[in-house]
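For E117, E351, the entry in TrEMBL reads active site, proton donor. What TrEMBL records for D258, E372 is active site. Positions annotated as Ca(2+) binding site by TrEMBL: T475. Look at TrEMBL and you will find 518-532 tagged as compositional bias 'Basic and acidic residues'. Among the features that TrEMBL reports, region 'Disordered' is placed at 517-556. Under the heading signal peptide, TrEMBL lists 1-25.
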Amino acid sequence: GAAMLRFLGPLLCLWALRLPAGTGAAGRGLDVASYRERVRAMFYHAYEHYLESAFPYDELRPLTCDGQDTWGSFSLTLIDALDTLLILGNVSEFQRVVSVLQEGVDFDIDVNASVFETNIRVVGGLLSAHLLSRKAGVEVEAGWPCSGPLLRMAEEAARKLLPAFQTPTGMPYGTVNLLHGVNPGETPVTCTAGIGTFIVEFATLSHLTGDPVFEDVARKALKALWKNRSDIGLVGNHIDVITAKWVAQDAGIGAGVDSYFEYLVKGAILLQDKELMSMFLEYNKAIKNYTKFDDWYLWVQMYKGTVSMPVFQSLEAYWPGLQSLIGDVDNAMRTFLNYYTVWKQFGGLPEFYNIPQGYTVDKREGYPLRPELIESAMYLYRATRDPTLLELGRDAVESIEKISKVDCGFATIKDLRDHRLDNRMESFFLAETVKYLYLLFDPDNFIHNDGSDFDVVVTPYGECVLNAGGYIFNTEAHPIDPAALHCCRKRKEEQWEVEDLMREFYSRKKTKKFTLKRASDHAEGEHAKDPEYASSEKAGEKRNSKKSSHSLLSCPSQSFNSKLAVLGQVFLDNT
């Protein structure tokens, strides 16, 4: 069967690529629109019961119809579900929730919080909602996207995490007290993902607020992991952040490591950073050499490369999606099909699956409604239009509705063999699982924009283009618009580059419409004298609204012969 699939895979892809979107699945009797509506109904069944029975707690307990705090105490499910509302097209509820969060969420609380979870769910959720708020019809501040209430909340939450990074290695502790910082006696052992999963959110924060500290600590942590890889190029599972000694030496692509690799790729794309991508490609070679067998990935000893656990973990199912992002679609598809066979065997992905035995691992038979396989299907469907991917989506909807749906929401599946349930609905069900399912069945969603549609926004630092697509999802499925990173104050070097290019252009055109000053004139506190610049040093305070007719880095309309983009300033060919 596997050999046949390997042979047919490329043919299926070719066949699917020849068809317009949606035709393939329709030809196989799958009504995409009706599944999209079922996913929408799924979202509201869970969301409304959360609001009714669990808010303001973090999560819904669906079997007892009440709520509990899990990762902190900040109405986590609401923050996590916010951008999903907009993807489903519900602008009025998005606007309502934005004002509820502004009133009700406080991070000055005596709570021990996971640095990793707070970053991906809270900081990521708030940043994404901030960048989407104008699209959702929220009245935004004059300085948006460089200021705004949700951005201030994201920054406040991220600042609470910074004390965790004050270690000799720059690798963060795993837990921080939101009021007191790192607790005395806190364990210095952190998992690899808990160290390497910050660059997407923290670089976005730095670029929007102008404060480099966030991106700096995230980069330092990434580099520390890279520096401590083994001679054969692998990283382990847990490391001591004080001594940089590996405590758990299992190397693989799953739990404890997963989003480190994901963020090297996504960080590289978001920041156009060759160094991050070359790090990933080096790891990718080692992973293929030592952990890949027959399109499965196993766990090996990080120094010797010997197999330590021949198991597949459900969290690893993100990998085909990541492979598709670097263009390795054939390998991605083969691994995806392996994982899909496991899904079909159980009606879900067990947390652990013993590959040689072809069955679940003791005490790891559950499926907490995780998104990873659906996430990979969404990416691969964009790349191939292979109808098999829609069939996984169909199976997921049917399984979740049949096994997991209860009167008060959707419950974690405790055991896929007998369908026992657990009294928990993780916030990622609404943030990720439902979102990726909806996007799989909604080819025309604004998230899939190919750049043919965009908004031009005037900021205190010039014009910028937003909502042109190319969104980068953080590991909690919160989309970040990469163009937004170029909207706010330019670094001096960047500004010189752009201004030098433009000076050259204008001198060639013999145009003397306005003179460009060197950015260094402004760098030493000259901003206040220049109407082009905001009157305040800090993003988020009131901007000087009087601006000259040309912002410093925008061009009068000229007929260009080609498209040109310089550090986020996009010039379009209007001829």
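For all residues, glycine too, the Cβ spot is worked out from N, Cα and C.
Counting only same-chain residues at least 6 apart in sequence, those with a Cβ under 8 Å from the Cβ of D258 (active site) are A193, L315, E316, Y318, T475.
Residue environment of E351 (active site, proton donor) contains 22 other Cβ atoms, counted within 10 Å of its Cβ in all protein chains. Candidate active-site residues: E117, E372. Fewest other C-beta atoms within 10 angstroms, E117. Here E117 (active site, proton donor) is positioned 19 angstrom away from E351 (active site, proton donor), judged by their C-alpha atoms. Residue pair E117 (active site, proton donor) / E372 (active site) shows a Cα separation of 16 Å. Neighbours of T475 (Ca(2+) binding site), defined as other CB atoms within 10 A of its CB across all chains, total 25.
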